[in-house]
Amino acid sequence: MSNITDPQMWDYDGDPNFTGMPPIDEDYRPCRLETETLNKYVVIVTYALVFLLSLLGNSLVMLVILYSRVGRSVTDVYLLNLALADLLFALTLPIWAVSKVNGWIFGTLLCKVVSLLKEVNFYSGILLLACISVDRYLAIVHATRTLTQKRHLVKFVCLSCWGLSMILSLPFFLFRQAYHPKNSSPVCYEVLGNDTAKWRMVLRILPHTFGFIVPLFVMLFCYGFALCTLFKAHMGQKHRAMRVIFAVVLIFLLCWLPYNLVLLADTLMRTQLIKESCERRNDIGWALDATEILGFLHSCLNPIIYAFIGQNFRHGFLKILAMHGLVSKEFLARHHVTSYTSSSVNVSSNL
């Protein structure tokens, strides 16, 4: 998942064609973008698709993992929390979609709550991805199961991820409010008095650092050493794990690297390290909208990366269907699925 900022941060709707961060000065005149309305509705459709796909995919992941109480692995616990984070994030998308059209019409309380929920689940998702990479590193490079299989330790790590996510998200809860500038649509964003612009840069750099750069280096380090170990092993089953690891890193980079590069350029422009112009502002605004879509898409792809790509997940899902009489034992036999009463589901064995 990246940093994911609320849609109103990038598109200021005093007029449907105005773009830019919501100004503190009510006499501010932002740049115009003639095709902003079209872009707005493209984003709305994307929010809807991501919401539906994430709701379905992550719900299925949680269902399969929760059914595997006996054989649940450490990675399964991480995946369960990751699916929950993605699911909770997806639940906020309809509200942001409505705000794209009508501005923020939900008041300050919901502005704070929804912003907190979105940021918490963004941070927790990224931190859990990093934890999964550390777990794979220990299991593959050091063949360490004593540490990673301690359930109470894993639960503590997951709780720590949620707790740290809450701490990192507190500024959004404390300072965000519904704000209605003169002659403009209402917005949900941070209001910090005369220092709002400066603190908004801090709140942008914070998630850029903790939400992408740090987890990325952790993942690259852990998966890099894991891949080296697997290449030396020359084992067929481990080559399958290599493909999954490649998919994890590749999809993460494809989803979040473009957005964070554009976000970095936008931050440099707004801190006057690179020259700001209406043309550049509009280009960056378009790029942020486009690359943000990739970031949102990551919450839909997580079930594919960590679950659907694994044969055991498909078998586990079929076992659940068989337990409820939706498929026959003959169907399971044709698909080489062991009896659903003889073994439990393990989602992550192919990771």
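Yeah, the Cβs are placed from backbone N, Cα and C, and that goes for glycine too.
As annotated by Swiss-Prot, topological domain 'Extracellular' applies to 1-46 (among others), with the evidence given as sequence analysis.
For Asn3 (among others), the entry in Swiss-Prot reads N-linked glycosylation site.
Swiss-Prot lists 47-67 (among others) with the feature transmembrane segment.
Under the heading topological domain 'Cytoplasmic', Swiss-Prot lists 68-76 (among others). On the 0 to 100 pLDDT scale, the topological domain 'Cytoplasmic' (68-76) averages 73 in the predicted structure.
Taking Cβ pairs closer than 8 Å, the transmembrane segment (77-97) reaches residues 1, 4, 6-7, 43-44, 47-48, 50-51, 54-55, 58-59, 61-62, 65-66, 106, 110, 114, 117-118, 120-122, 124-125, 128-129, 131-132, 135, 151, 154-155, 158, 161-162, 296, 299-300, 302-303, 306-307, 347-348 in its own chain, all 6 or more past its ends. The transmembrane segment annotation in Swiss-Prot covers 77-97 (among others) and rests on sequence analysis.
Taken from Swiss-Prot, the feature topological domain 'Extracellular' covers 98-112 (among others).
Note: Cys111 (disulfide bond) has non-local neighbours Trp104, Arg176, Gln177, Ala178, Cys188, i.e. same-chain residues 6+ apart with C-beta under 8 A of its own C-beta. The disulfide bond annotation in Swiss-Prot covers Cys111-Cys188 and rests on sequence analysis.
Taken from Swiss-Prot, the feature transmembrane segment applies to 113-133 (among others), supported by sequence analysis.
What Swiss-Prot records for 134-154 (among others) is topological domain 'Cytoplasmic', and it gives sequence analysis as the kind of evidence.
Counting residues 6+ beyond its ends, the transmembrane segment (155-175) has Cβ neighbours under 8 Å at 77-78, 81, 112-113, 115-116, 119-124, 127-128, 131, 190-192, 199, 203, 206-207, 210 in the same chain. The feature transmembrane segment is assigned by Swiss-Prot to 155-175 (among others), with sequence analysis given as support.
Taken from Swiss-Prot, the feature topological domain 'Extracellular' covers 176-209 (among others), and the record attributes it to sequence analysis.
What Swiss-Prot records for Asn194 (among others) is N-linked glycosylation site.
The transmembrane segment annotation in Swiss-Prot covers 210-230 (among others) and is backed by sequence analysis.
According to Swiss-Prot, the feature topological domain 'Cytoplasmic' maps to 231-243 (among others), an assignment based on sequence analysis.
Annotated transmembrane segment per Swiss-Prot: 244-264 (among others), in sequence order, evidence recorded as sequence analysis.
Sequence annotations record features per position, and here Swiss-Prot assigns topological domain 'Extracellular' to 265-289 (among others) based on sequence analysis.
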### Message
Summarise the topological domain 'Extracellular' (265-289) as counts of helix, strand and coil residues per DSSP.
### Response
18 helix, 0 strand, 7 coil
### Summary
What DSSP gives for Cys188 (disulfide bond), in three states, is strand
## Note on the structure
Other C-beta atoms within 10 angstroms of the C-beta of Cys188 (disulfide bond) total 28
